[in-house]
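K.L.:
Quick paste of what TrEMBL says about this protein:
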COMPBIAS  276-295  compositional bias 'Polar residues'
COMPBIAS  300-322  compositional bias 'Acidic residues'
COMPBIAS  333-347  compositional bias 'Low complexity'
COMPBIAS  352-364  compositional bias 'Basic residues'
DOMAIN    61-146  domain 'PSP1 C-terminal'
REGION    276-371  region 'Disordered'
Amino acid sequence: MSHILGVKFKDYGQTYHFFSGAFVVSPGDAVLVETEQGLGLGTVVDVSEALPEGLDSESVKTIFKVAGEEDVKTAMENEALAKDSFRYCRGRIRERALEMKLVDVEVFFDRSKLIFYFTAPGRIDFRELVKDLVREYRTRIELRQIGVRHETQMIGAVGNCGQVCCCRRFLRKFEPVTIKMAKEQNLFLNPAKISGICGRLLCCLAYEQQNYEHFQKQCPKTGKKFQTTLGTVKVLRTNFFRQTVSILPESGDEQELSVEEWTRIIVKAQDKELEQATSQAISPSQGAQVDTESVAQEDLAGDDAEALLDIPEDASDADGEQTAEAKPGVSRQGKAQGQPQQTQAQGQERKGKSRRRRRRKPKGKGSDQAE
């Protein structure tokens, strides 16, 4: 039965997973596996029967073989070569007065490539240094610049907590850490307290950030006032470890409530305000009642009365058709049925007069032609 092997190539960094295949492997054994850079020698750190979450069986490879004595001997020779190349490269850096610090050297299992890791405050022109290394070792050379966090991970150190740095022990990748995390966790913003050996913010600030964010969403903002069932209260502070909110009512002493109690009193206060607003909207005062139908009729009467101001006094509605159907009680021409109504012929006559008034008489020499 094939097992899932957790393999590490260095004392630090990520753990990679492979199938054991037909090989019988135990933790601590050395195995040869195929990587993107060729064959690599790693150490088995874990043996399990199930794939970790997030891994697809198609992306997991099978180990090449269990390392033998010759393979172990080759690995030891590569370690000696890495130490020798480290000393040689550091000497050439001093001779060329380059502002860079050599951190580590990695030698591929088949010695097809050497990688030199270094740190520097800026960009470095190391072309001449690469030529020196190629002439000395007759293989491919790569100089890779890294940050201070990776430097601490490679070298190893003891943190302020007394433990070996997390990046050296188990961190697979570096998560972004911001000063906002320290503020949300109510930490004293002292650089010496919230910074690690590398000089950057502590990686452990991100471990419980999700818990703090969830707690802050449930709590009110400190220093603000709220309407609750206890009256108007001011929020003094919140306590993540006790999961409490400290408030100060206008009439009373300071109280410390749990998050559930705070949610209960603020919700009840909001429900009470909503109930009062709803009752006022449903039962308005009697003096404010309005007959919307009568208002609409008066507006219609007023509008049509203004429209009929230009109708001659002797106008008659005996001939012609009406422009709109009249309804009992309310008509487009007014609320009173006795008002005169405009006929179609009278409307056409008025339109003709308005056109003649708007027509302008031509001026100048071209007046005869216009006529």
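Glycine is treated like the rest: Cβ placed from N, Cα and C.
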K.L.:
Counting by DSSP, what is the helix, strand and coil composition of the domain 'PSP1 C-terminal' (61-146)?
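P.N.:
Split into helix, strand and coil, the domain 'PSP1 C-terminal' (61-146) gives 38 helix, 24 strand, 24 coil.
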K.L.:
Considering every residue in the domain 'PSP1 C-terminal' (61-146), what is the mean pLDDT value?
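P.N.:
Residues in the domain 'PSP1 C-terminal' (61-146) carry a mean pLDDT of 92 in this prediction.
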